[in-house]
Amino acid sequence: MLDILLTNIGQLLTMDQEDGVLRQEAMKTLPVIESGAVGIKDGVIMFVGTAEEAKGLQAREIIDCEGKVVSPGLVDPHTHLVFGGSRENEIALKLQGVPYLEILEQGGGILSTVNATKKASKEELVKKANFHLDRMLSFGVTTVEAKSGYGLDDETEWKQLEVVAQLQKEHPIDLVSTFLGAHAVPKEYKGKSKEFLQWMLDLLPAIKEKELAEFVDIFCETGVFSVEESKEFLLEAKELGFDVKIHADEIDPLGGAEAAAEIGAASADHLVGASDKGIEMLANSNTVATLLPGTTFYLNKESFARGRKMIDEGVAVALATDFNPGSCPTENIQLVMSIAMLKLKMTPEEVWNAVTVNSAYAINRGDVAGKIRVGRKADLVLWDAHHYAYVPYHYGVSHVNTVWKNGNLAYTRGDKAWSKATI
């Protein structure tokens, strides 16, 4: 006896093809069962097939999906979830053409968020991040990577990681924690980046002991941390047992993509300025390219990451929101899917694979998230759409009808009681 049987599914997107990251033709392929059904028991998927094949199955609850699309829960592999305050006051300055460095000198930019995060209590940060997670869930996301990075000191970075750990216990969404202490160089360490990185490295053994982070990340960019500094820092983190990621080539082609491939990073993120050589090296590596077109869009930049070229050359591409208060204040991964289709020239099939299978592998969750397969946990989304391409095509709104997390009802459109969180 099943707990739940979803039937009369118009298109069941299983995403279940080869194991491992998807590249080239595999990214263009979307496994779809027309007129499908999914059976769930004890939070686990027990049946995947056609509605006709499911006719003999017994279930405590049978849900008629009315010919709509069902997919795996989406995976957002790059967010800056935990932070204090907001920065809407900077919009007018940006529109007036005030340079970012001048905004920084006025106490704005990342320094504003760092100060607000330092001042906020752990309880305040939990409440705020919970609000944002609820929104992510409403957009169909069931697994999220969450970074620290708005402390730039030991106490606040630790506080952010503890917030993620608490939310992992309390919120339906699965969280994957990343230590991004090397997000920027604080004023007091100006010209002394190596000393600052050593301070951050000194925190890692305790973070590892308390299991507060699975990944270590660094911002490799002009004026922040060099390629050599980034490689050395991440290799030392790997020696301590962490997997690593890198904010790479967001603005300039510094060689961050090449560095990620060389050191075996789980992902290289941003990559707007990635060189041809960097793309080639990523294609010949196991590193996932996590592209963040929502950030480029919000910053009103003309040049987007070369997603089309990356896919054609064999890079495993994932998509993420880069949710953060400065350069991409949105939890809407569906909007990111639309931007990727229009600006990165990705097909609807590639976009879907990039927010499920490949995004799961970008955070070492490829064996548990991003696919609908017998034996896996039942993270499922019912969409108010009768064709999968409709979701990125009709942009700017949420098409989610219902979300199940581990087989439990986690969100239903129109249920005003589903979220008690406030910002």
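Backbone N, Cα and C define each Cβ position, glycine as well.
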Which of these, ARG87, ARG373, ARG376, ARG413, does Swiss-Prot say binds 4-imidazolone-5-propanoate at the same site as TYR150, HIS183, GLU250, SER327? ARG87
Note the Cβ centroid of HIS78, HIS80, HIS247, ASP322, the recorded Zn(2+) site, then list each other residue of that chain whose Cβ lies within 8 Å of it, in sequence. THR79, LYS147, ASP269, HIS270, LEU292, THR295, ALA320, PHE323, ASN324, CYS328
Fewest other C-beta atoms within 10 angstroms, as judged across HIS78, ARG87, HIS183, HIS247, which are the binding-site residues: ARG87
Looking only at TYR150, ASN324, GLY326, which the record lists for N-formimidoyl-L-glutamate, tell me the maximum pairwise CA distance in angstrom. 11
TYR150 (4-imidazolone-5-propanoate binding site), Cβ-centred 10 Å count of other Cβ atoms over all protein chains shown, is 31
So the record assigns ARG87, TYR150, HIS183, GLU250, SER327 to 4-imidazolone-5-propanoate. If I measure every Cα pair among those residues, what is the longest distance in angstrom, as a whole number? 21
For ASN324 (N-formimidoyl-L-glutamate binding site), the number of other Cβ atoms found within 10 Å of its own Cβ: 23
